[in-house]
Amino acid sequence: GIENTAFETLGLGRQRSWSPAGSGARVPARIPAHVPARVPPRAPAPSDPDFEEGPCGWGSCTPEALQLCNNPEGYLAVYSLLATFQVFFFFCLVNISISTIEKRYELNSSLTGLISASYDISFCLLSLFVSFFGERGHKPRWLAFSAFMLGLGCLVFCLPHFSAGKYHYGAKPEDTCQAPETMSANITCSASAKSLHHKYLYVFILGQLLLGVGGTPLYTLGTAFIDDSVPKHKSSLYIGIAYAMSLLGPAIGYVAGGQLLNVYIDIHIPERQDIACTKVDQDDPRWLGAWWIGFLACFFAIWLLIIPFSMFPKHLPGTAKIQAEKISETHDDGSEALVQIRNIGKNFKDFPISLLILLRNPVLMCLIIASASEALVTTGFATFLPKFIENQFGKTSSFSATLGGLVLVPGAVLGQVISGVLVSKCKMDLRSIIKFMISTCSVALVLNTVFLFAKCRNEPFAGVSETYNGTGTLRNLTAPCNANCGCLRSVYYPVCGRDRVQYFSPCFAGCKSYLIDSNMTKIYQNCSCIGNLKRENGSEDFLFEALPGKCPTQCRFLPLFLTIFFFAVVFTFMAVTPTTVAILRCVPHKQRSFALGVQLVFLRLLGTIPGPILFGVSIDSSCTLWDIDECATRGACWVYDNERVVYLLMGMSAACKIITIIFVVLAVYFYKPPPPNKAVPPRNAETVSAIH
């Protein structure tokens, strides 16, 4: 052998190797001058602080029973639980409860939008720093910190319920035709009145900020720890299972969150509050559900996960051997050697150059932009698919949300599991993984044409798409038949007349009375705006009737649409796990967590934040009837142009898919695998780099 000062400088000279099995195998203290083209796999020295393999437990307390969990499967189970609760809380409980929170604390949509955005703000600000510093740290302890912050965020988020006092509901608004002076006496414009509950806005924002802090290590350090602990060909399978398990959160959230809203907000329903107020039920517009129970339950459940995460060692047993057997597939741009020789990543001063190395990696950036494009369209559909089904096929909002969940959640789970299994079983290398992504995105693009089968015409709507039996004008809900009813556009309660025309409310249909049948359903009568119906004997029926709800749609394409869209979701999510695996493989070994952090920041800035906004703006551009309250303030949209919505959604989805395919193709084009003399195990790369 020869003396090489590079070895002494980097601390590589005269190190011993050890076997996880305790065989005491040794390697020469000096490296021969004639280094072979491929250095044989070598486990790191036991003195290497980066590999502290140990038992499962706390300090000297390491019970034998806990060692059954000291493996990748045990970690995967705990990690999946934390990811499930995190998704369950943020994407489900918050989204389901947001309308209840608006009503209870008198917040408008812009303020609740600020609450939702607070999570992404803290996530983006901290993601890069946490993933940078946590790469060389104790990853399971970082996840214990993640569980602590997530639980704390849940607790803070539900605090306003306990400090705001009991909920007091007012008098129920009348929905039938009344004298104008009666309606105006009870309804006044209160736009200038400042809510006493606005102070709780800052509590909600604080809760979301804490949740963003807690969510940062989950999909960066947690995913990298899985990749550390399993062989390369199994990494995609484990990551796919973890991501698929996290998607159970929306399924649980939609079911549990919906059921919790059926419980009164203060648990006990007061019989009456004054002489005019009676007991409320779930069909009453004044009803508010117990939105806070789910947050409190998440607080206890997530904090229990701190215990198992704190037990895991810095590295699971056998990690050193697994790392020594892995062959690097890092994009050959010199970054691997630079990171190893200069030992980049140990100090904060390395942060700028570490970030620059990743930003200059064309393969990584192409994959990140492609995943951000996919995130834009998936978050857009996750937000607005229930509304699309509701308006396009005339279903109720609750049934539409159920259908949307039944399509999105199983499709996403199935797609991620299938792709993880295929990549694992076929033992795909990096180039094959990227080509696999191209095929799945192309199939999803073809299936995107399903929206052409969902093009249903709008049902007749009085004052919107047609006049009131020839009276009145289009886009005007008021007509001679209801001009003296004093109807409010802020009370949207659609009814379907016996003439198969939909009306904005019983008041706008001119209904002056109602009765309740044996099924406890209101039947409105004496409706002056509903056309006369002739009996078979030629006489007219003057008991004009209307039933609550929208008129049944004549569109029968819903089963076909849901079937094709389900497969579109499957193929869309078949690219998620391969994308994560490809990102982990195309960057230097010591920058994997940091690369995932960079990806998540771009996903937020280019995908999940603008996605719902762009979809919402596009859908609102097709609105034909807006909610106008007593203060003449425009609110939500009640009726959309169905055909325009179809073309907008299909166009945006197709555009995002094309962008994804273009950048994935560019990733294949730019990728340069390391030559054979550089394709060495990551733990051996430091030695070879020093020799070169």
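Placement of Cβ uses the backbone N, Cα and C atoms for every residue, glycine included.
Per TrEMBL, transmembrane segment is recorded for 76-98 (among others).
The domain 'Major facilitator superfamily (MFS) profile' annotation in TrEMBL covers 76-669.
The transmembrane segment feature in TrEMBL is assigned to 110-130 (among others).
Marked as transmembrane segment by TrEMBL: 142-162 (among others).
Panel annotation: around the transmembrane segment (200-225), residues 75, 79, 82-83, 86, 89-90, 94, 101, 105, 107, 111, 114-116, 118-123, 126-127, 130-131, 134-135, 137, 139-140, 142-143, 145-157, 159-160, 163-164, 239, 242, 580, 584, 592-594, 596-597, 600 of the same chain, lying at least six beyond its termini, place a Cβ under 8 Å from a Cβ of the stretch. Here TrEMBL flags 200-225 (among others) as transmembrane segment.
Residues of the same chain lying 6 or more positions beyond the ends of the transmembrane segment (237-256) and with a Cβ under 8 Å from any Cβ of it are 72, 76, 79-81, 83-89, 91-93, 96, 222-223, 226-227, 230, 294, 401-402, 405, 408-409, 412-413, 416-417, 419-421, 423-424, 576-577, 580-581. According to TrEMBL, the feature transmembrane segment maps to 237-256 (among others).
Residues annotated as transmembrane segment in TrEMBL: 290-312 (among others).
Residues annotated as transmembrane segment in TrEMBL: 363-385 (among others).
Among the features that TrEMBL reports, transmembrane segment is placed at 405-424 (among others).
Sequence annotations record features per position, and here TrEMBL assigns transmembrane segment to 436-454 (among others).
Per TrEMBL, the feature domain 'Kazal-like' maps to 475-531.
Look at TrEMBL and you will find 557-584 (among others) tagged as transmembrane segment.
Taken from TrEMBL, the feature transmembrane segment covers 596-619 (among others).
Annotation source TrEMBL lists transmembrane segment at 645-671 (among others). Listed as Cβ neighbours of the transmembrane segment (645-671) (distance under 8 Å, sequence separation of 6 or more from its ends, same chain) are residues 331, 362-363, 366-367, 369-371, 373-374, 376-377, 380-381, 388, 391-392, 430-431, 434-435, 437-438, 441-442, 444-445, 448-449, 451-452, 454-455, 575, 582, 586, 614-615, 618-619, 621-622.
Nonlocal intrachain contacts for the transmembrane segment (363-385), taken as residues 6+ away from its ends with a CB within less than 8 angstroms of a stretch CB, comprise 91, 95, 331, 404, 407-408, 434, 437, 441, 572-573, 575-576, 579, 582-583, 586-587, 595, 598-599, 602-603, 605-608, 610-612, 614-616, 619, 652-653, 656-657, 659-661, 663-664, 666-667, 670-671. Along the domain 'Kazal-like' (475-531), the predicted structure has mean pLDDT 79.
DSSP states for the domain 'Kazal-like' (475-531), grouped as helix (H, G, I), strand (E, B) and coil, give 0 helix, 17 strand, 40 coil. Non-local neighbours of the transmembrane segment (290-312) in the same chain are 56-58, 66, 69-70, 75, 78, 81-82, 85-86, 88-89, 93, 96-97, 100-101, 104, 140-141, 143-144, 147-148, 150-152, 154-155, 157-158, 161-162, 253, 256-257, 260-261, 263-267; each lies 6+ residues outside the stretch with a CB under 8 Å from one of its CB atoms. A Cβ distance under 8 Å defines the sequence-distant neighbours of the transmembrane segment (110-130), meaning residues of its chain 6+ beyond its ends; these are 90, 94, 98, 101-102, 142, 201, 204-205, 208-213, 215-217, 220-221, 351, 355, 594, 597-598, 600-601, 604-605, 608-609. Sequence-distant contacts of the transmembrane segment (596-619), counting only residues of its own chain at least 6 positions beyond either end whose CB sits under 8 Å from a CB of the stretch, comprise 117, 120, 123-124, 127-128, 130-132, 216, 219-220, 223-224, 355, 358-359, 364, 367-369, 371-381, 383-384, 387-388, 580, 583-584, 637, 640, 645, 648-649, 652.
When Cβ-Cβ distances below 8 Å are used as the criterion, the transmembrane segment (436-454) is approached by residues 370, 374, 388, 392-393, 419, 422-423, 428, 557, 560-561, 564-565, 567-568, 571-572, 574-575, 578-579, 582, 646-647, 649-650, 653-654, 657-658, 660-661, 664-665, 668 of the same chain, each at least six residues removed from its ends. With a threshold of 8 Å between CB atoms, the same-chain residues lying at least 6 positions outside the transmembrane segment (405-424) that come near it are 233-241, 243-244, 247-248, 250-251, 254, 381-382, 385, 433, 436, 440, 562, 565-578, 581.
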